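Visitor: The structure's right below; bear with me while I get my questions together.
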């Protein structure tokens, strides 16, 4: 471990080079812009800029590219809070309380909380990487298909158990998501499903299209119905909002710490940032004393998912470097870059390319600090966007959504699909079906199904594989408890009632 | 203008080096807007890595006057990408890199396309397949592993691979036939994931491409048993201890008579002119001369056969028949 610190010190020396610091600032700024535009996520941004970096040293190049990634992560929160349009899957949970806060004129607070929490989560994960990198890589290897399915099961179950709406409505919404996720190629048999011979459906439904439609367009339709009134208008622009919010944040240290741990754990296991953010939100809602108010603009509901998502996103870099498995599309593009620079990710990277690895880790520390400072200065600026009358901003959002949907696959069909999802989102909201389980199922449905069927193939069809070792059994156990929580809680309260008179 | 001149000079030098009878007149057509490079597979896989390396090499050495933009269209086992190219008739600003799904996807899924509906440009290389086991397993040679499979009941051993009814499963079926025992085939999304599942001990063996497993081999986590080619690999750089790619025996010599190589080739949409095809053939010849490409070939232990024109078409014809036969035997044809 002492070696790690000596290496890290050397890494700071490399990352602290003025040229590299300049690259960080450029990277973060570009990343924030990329993150704000839905559809143009971090993966595309990194892919477009990758060729520019071939003339740099590998360390400088990865610093620039990872900073674009951090910037995009920060930027994703901006549209979630302001317009209810999550730019990335893991920003969905941020909209639950972030957007209500913006609507009640507290956009500045919500943005500050989101950015600060992102930073805390990322920082926690980097410290963890510094301390126990080799152990963590070893732990990730424990995850076969059964263990992966258990993690997905836990994410779904905790959603059913912790949702505000009736569990039946949550399940219906989730099932619609599963059905949509099933469209396209069935990975296990290699056959097409539910495509009805339509070429456009070969690739299934892209998550981003669904989310831009369900949340972005759906929100615009709802607001229009409510008479074009956007309550964010009342927001006062206060440059001191950052300090004021910071003073309140330490109160939520328990939520932060819990979310950090959930995030790191989910990031290392290949489940990733999306289930981490949902789980952290769900648990915070259940545990917090303000839990009842979640969904109406509770700052803790922004802190929990943002912290977990960024802890997971950062922790996911570790399996990429140590095992060569990209945890996200962005990581996959970065992986391609590593190969061109002549670096082979895998177990030997930490040994053979120590200078590069520790330079990268040091740049994660510096990049996140630079990023936090940069985005916090933009808070009053972004919050003031909400002062623009809705009748002007709505068409702009619509256009941005359409461009975003088009950019995902350069396909006009996707823009149409986005509109269809928008109407669907509006109808579901009017009938009080929660949208989040639907989104969660679209994002994770495929992977969960795949892991389930891979497990059954390996076990020859026996469900016992999900209870075959302590790791998978305990995750499944927690999942079942989480899923049945309303029943259990009900039972407890009944017991208490019957116990009282006695 | 100077820049333009240097490009021409580079082209002439490259031509001289490859010593092939191409007329300099082939430089007459040039792309005048960004060229889309379709990858009919997901990010991070073998084809994607190769496409992104090509993009990097072309940008770094200024081999093309416009940009090359990599676009992944992986839907329907790559069918989405191939259909896109097929429907872009006469568009010279679009190329596609292929893997074996050029043959397997239309057969397995019934998605309507055939390589004859595209314009073949060139074969860049052939990708090898190696039989890998976890380094902690007791099997030091392919013979020992084969004996263990034969001694156990059907479906005891688990083979992991990329995708379903594609190259990895085709090889698995061929191995089953050769050994007379069933294996449990578990499909995963990408080659890197397969390699990690092997390291984690969740499967017994894989038929990963060299580049997908090389880093795990260097770390002494996996062990190569044999290569599915007719001859041993030529690369002698040390990778793990004293071992190099050239020290892996062929599977045939180890009593497992299975051979399979995968195409890494470039195609264009139908209806493009010969001049336009010649431009890209020439471009990829230049790419092959760069040190970065040489390094990629070495790292991934590729078979460096290069083909274009009629020779390439004849090869494709043979490969298509071969795949049809293999898929029919395995019962992988759509509708069966």
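Note: Cβ is positioned from N, Cα and C throughout, glycine not excepted.
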Visitor: In TrEMBL, which of A:256-284, A:285-313 is labelled transmembrane segment?
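Guide: TrEMBL lists transmembrane segment for residues A:256-284.
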Visitor: When you scan the chain for residues with a C-beta under 8 Å from the transmembrane segment (A:62-83), skipping those not six or more beyond its ends, what do you find?
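Guide: Here the qualifying positions are 15, 20, 23-24, 26-36, 38, 41-42, 45-46, 49-50, 53, 56, 90-92, 94-95, 98-99, 101-102, 107, 110-111, 114-115, 118, 122, 216, 219, 232, 302, 306, 309-310, 313, 317, 330, 334, 337-338, 341, 356, 359-360, 363-364, 367-368, 370-371, 375, 382-383, 385-386, 397.
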Visitor: For the transmembrane segment (A:110-137), could you work out the same-chain residues 6 or more beyond its ends whose Cβ comes under 8 Å from its Cβ atoms?
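Guide: For the transmembrane segment (A:110-137), the sequence-distant neighbours (Cβ-Cβ under 8 Å, at least 6 residues beyond its ends) are 1, 4-5, 8, 70, 73-74, 77-78, 80-81, 94, 97-98, 101-102, 241-242, 245-246, 249, 256, 259-260, 263-264, 267-268, 297, 299, 302-304, 306-315, 317-319, 322-323, 347, 350, 361, 364-365, 368-369, 371-372, 375-376, 379, 382-383.
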Visitor: So which residues does the transmembrane segment (A:149-164) touch in its own chain, when a touch means Cβ under 8 Å and the partner is 6 or more beyond its ends?
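Guide: Contacts with the transmembrane segment (A:149-164): 143, 170-171, 174, 266, 269, 271, 275, 278-279, 282-283, 285-286, 294-295, 434, 436-437, 440-441, 444, 447-448, 451-452, 455, 466, 472, 475-476, 478-480, 482-486.
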Visitor: Give residue numbers and ranges for long-range contacts of the transmembrane segment (A:170-189): same chain, 6 or more residues beyond its ends, CB-CB under 8 A.
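Guide: Residues 156, 159-160, 163, 195, 201-205, 210, 428, 433-442, 445-446, 449-450, 453-454, 457.
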Visitor: So which residues does the transmembrane segment (A:464-488) touch in its own chain, when a touch means Cβ under 8 Å and the partner is 6 or more beyond its ends?
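Guide: Beyond its ends, the transmembrane segment (A:464-488) has Cβ neighbours at 142, 146-147, 149-151, 153-154, 156-158, 160-162, 167, 286, 455-456, 458.
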